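Taken from TrEMBL, the feature domain 'Major facilitator superfamily (MFS) profile' applies to 31-471. TrEMBL lists 125-145, 186-208, 214-235, 321-342, 380-404, 416-436, 448-466 with the feature transmembrane segment.
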Amino acid sequence: MSAGAEATVSAGDAAPAPASSKGVCSVRHGLALLLHLCNFAISTQQMNLSIALPAMVNGTAPAGAPNASSAVALDDGNGTLMEPKAPVYAWSPEIQGVLLSSLSYGSFVASVPSGYVAGRVRPRLLIGASLLAFSALSLLIPLAAGAGVALLILLRIVQGVAQAMVQTSQYLIWVKWAPPLEMNQLIAISISGLMLGSLTVLLVGGFLCETLGWPYVFYIFGGIGLACSCLWFPLAHDDPAAHPLISAAERDYIARSLAQQDCEPDQSLPITAMVRSLPLWSVLLSQFTEHWFFHVLMAYLPTYLHSVLRVDLQASGFLSALLLGVAFISIILGGLLADCLLSRNVLSLLVVRRLFTSVGVLFPSLFSVLLPWVSFSLGISMAFLALSLATSSLCQSGALVNFMDIAPRYTGFIKGLSLVFVQLSGVIAPTVSGFFLSQDAELGWRNIFLLSAAVDVSGLVFFLVFSRAEVQDWARAQTLTRL
């Protein structure tokens with residue numbers, strides 16, 4: 001949980017805080033809420049193209065030039081022709097696939113470099129500038145679409161780079177701001193913005209396309225992102241000591257809590273030691289395996305609801321948003337529960353990490369394996385899906401933040417490295433799932449869920465064997481002794 005806290009230190013030796021330094025009204029919780037808004041803005045703009053693309057494409061037109069636009073009038077169902085609210089384009093399915101993947105291309109390429117840069121540039125500046133650039137580019141998407149699909153693809157790739165910068169840099173904020181016994185809840189509050197953003201786009205994105213036109217999906221959510229970046233610069237600070245609004249009690253509490261932490265960024269990277277570190281590999285493999293099932297759900301959940309559970313397309317969007325709402329609540333509750341167990345000395349840090357990871361893997365694996373056998377009931381299937389997402393969210397207080405325990409000095413770099421594994425699972429899992437469905441539509445779903453469970457459990461076994469909760473030797477400050 002702590003950025004480098006040992007299990008016994010985190011659970012028992014943290015200095016008690018004055019009453020005025022605790023509570024949700026603290027500056028550090030305000031910072032978590034601010035990061036929550038930034039993640040919300042990033043998530044909405046990440047998904048907005050997926051929602052707007054059906055409205056951007058003229059499916060009845062023959063594929064012509066990649067950026068050929070169409071102004072074909074639409075039929076309102078009563079024989080009356082209406083002008084479209086925005087241009088539509090004759091993009092082929094292949095071009096649409098490249099457009100949807102282009103953001104991931106940028107994130108994948110920039111993951112490790114962004115982590116390296118994040119350790120050398122002030123995270124406040126990097127987060128604010130990246131969010132500002134990401135949001136400004138969203139406002140330009142309608143213009144880029146009209147100028148040509150190549151420009152639109154390039155724009156989304158650059159957005160992917162900015163997204164990677166935000167994802168890696170935000171964890172460095174907590175190295176200086178999060179007391180060991182509050183790390184889980186602060187990260188959970190901030191990260192939950194990703195779920196809330198996805199939920200919001202699913203609920204209102206289609207409505208905006210129908211009523212205002214697809215460009216407003218980019219204008220509205222891009223504008224929200226700009227507003228968040230404008231809030232970020234004056235309200236966020238890299239260090240509690242530099243924050244003008246923090247109370248002396250809270251500043252001293254954070255300083256005492258982190259006094260034993262070895263978290264100053266290092267300019268050199270012990271690459272050889274990292275490659276040989278099994279605790280680090282347990283974290284990286286967990287990032288791959290624990291995101292596998294999530295990527296399958298994000299890619300195929302509407303298809304599963306429609307083709308297997310016989311839910312109409314409009315209802316499937318609502319149910320998908322409902323499941324994300326469950327995950328949103330569970331992430332926050334999981335962080336609060338983990339901190340409660342640690343602050344009351346009920347469990348050590350290592351036990352909390354392993355327990356939350358085990359629950360977050362075994363229960364979703366069980367429910368996913370049982371899904372094909374309860375497909376006759378929409379209610380039971382939805383309950384199993386909700387329980388899967390609710391319990392899998394506990395991993396956010398388990399293996400998914402364990403890198404901050406073992407190497408707080410290299411938080412940015414390791415987070416960037418872990419994003420590579422997340423992106424790999426995001427590419428491989430939907431591809432393999434699509435292959436299963438193409439072979440046998442009925443048995444395909446069973447194979448998808450069985451494979452997801454097997455991948456998840458294999459990562460859990462490796463994590464249980466090799467995970468640690470103390471700072472590794474290669475991540476400690478090196479002191480030179482003069483003779």
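Using N, Cα and C of the backbone, Cβ positions are placed for all residues, glycine too.
TrEMBL: automatically predicted annotations, no manual curation.
Most Cβ pairs under 8 Å with the transmembrane segment (448-466) belong to 416-436, among the candidate stretches 125-145, 214-235, 321-342, 416-436. Listed by sequence, the residues of this chain that lie at least six past the ends of the transmembrane segment (125-145) yet keep a Cβ under 8 A from its Cβ atoms are 35, 38, 41-42, 45, 48-49, 56, 67, 86-87, 89, 117-118, 151-152, 155, 158-159, 162-163, 165-166, 169-170, 173, 214-215, 218-219, 221-226, 228-229, 232-233, 236. Recorded stretches compared: 186-208, 321-342, 416-436; the one with the most Cβ pairs under 8 Å to the transmembrane segment (380-404) is 321-342.
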